[in-house]
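Here's the structure, in structure tokens; my notes come after.
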């Protein structure tokens, strides 16, 4: 039979509150609303379906403080200790939210999905408290270092107050992707019962799986006469990870490689914190709630990589040690992850610590795999499966098929528009991909017709962010994007780059058209500079608004010195050096 839930009872609030659904939905219409962030949405889903049992809501100050300091919920019903729970699950709000929504002890507020405005639950406020973010970072993540993605999120995104309180469920968040693979804990437990699975080894992953992972999980199952639950995270993972759509297709391609009836794939809508040892204990609690009896804990489990000093945030086996420390209370058996390596001589995988000294081995690192995908180089069958590689190649085409964005920045009349048009023609002549031209003045009127020539600095920043969004989407689709706004501020250019690199695939190049103001004014046949100096136009860059010259442009050019064909040729050479054309 499946493992008992953490705390003894599965807190399936969706089932518990089903009889109240209509009345709760009607009440929600009259309440103030909190629209959840993506992390809060993931957290709420696992609160509602029992994945976070024994939680029944967002932590109050007593539970929060206890979790941060002791990895346990606050003691209850006369017990000396509370249940093990290593990660604080909190709902953050601002002072403005508190004032606007009338948040206070006993108040009720609707929690809504920002994607469709659906009311998911009603929270009854038990308390409002100000967390010590430095302490939370030090205790939970191990360091107050913004190189850690969760510390950066805590410092930059989390608001100044937390609201604690139990929730009543109205409905779970709606998903339209991979619906047959999404199970609540109760549903997955019922599935195990139907299949008569008594022992289940759960495998946590946020990366694509290859032959080594398959061999590891099969080995773990056979040693324990158990079945395998492949339970990948499809909520929030580490920034830069492979998107979950690609990963799930890769998992589906992998599943037929398992012996018939051995393994099952289910998706977990978890927002990871990358908290290493604490995260491993948390993952064990969650898998216990989903019915698993065993849980694989890897080397540097859920580690975020390097800190600001270039060292790992956690030791390689800290996670395994912390799970072992709580093993009696967790009541889920840890399976230590031993890295697997390929032995060409015997055509098999073995744990690295079992390979005789001097035996030839072969491995492909994540960096090498990405390089092979980028260049189109072969990926050997001993490393992965044909179906998995096919999925990855479709999502990560080689460089000549990838999109890219070139941002030309400079003063009005610096020549950037002329260069952009000439570059567009050159790339279209090559015919390898679609080419999109985003000129600043044209895009400004298209994206916001109410904005005229005399726009404020903040409007300029917002306008470039909008152009960045368009550029990122086009780049992601494989287009060549040439953007030529003035882009006068460094922070705006960095925001633009972040959008393209984060969403568009990372192929971004900055060209500074450094033609000086005197020359730009001299050739200004439209009289914009003259009008600005006469006070007829406000905030014209270079006259009464600053232009911050970029310091690290990929190319700097000046139309007084360089011809347009020479500049275009230089840009093409940059693209060729990156194997993009």
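Residue numbers in this text run from 1 along the chain shown.
Glycine residues also receive a Cβ, built from the backbone N, Cα and C atoms like all the rest.
Per Swiss-Prot, region 'N-terminal' is recorded for 1-176, and the stated evidence type is sequence analysis. Marked as site 'Transition state stabilizer' by Swiss-Prot on the basis of sequence analysis: 210, 213. Taken from Swiss-Prot, the feature site 'Induces change in substrate recognition on ATP binding' applies to 337, supported by sequence analysis. Swiss-Prot lists 402-581 with the feature region 'Allosteric regulation domain', giving sequence analysis as the kind of evidence. The 3'-phosphoadenylyl sulfate binding site annotation in Swiss-Prot covers 441, 442, 443, 444, 486, 487, 526.
Of all the recorded positions in the record (210, 213, 486, 526), the one with the smallest CA separation from residue 337 (site 'Induces change in substrate recognition on ATP binding') is 213. Confidence over the region 'Allosteric regulation domain' (402-581), given as mean pLDDT on the 0 to 100 scale, stands at 89. Looking at residue 213 (site 'Transition state stabilizer') and residue 526 (3'-phosphoadenylyl sulfate binding site), their Cα atoms lie 64 Å from each other. Residue 526 (3'-phosphoadenylyl sulfate binding site): 9 other CB atoms within 10 A of its CB, across all protein chains. The Cβ of residue 487 (3'-phosphoadenylyl sulfate binding site) has 28 neighbouring Cβ atoms from other residues within 10 Å, across all protein chains displayed.
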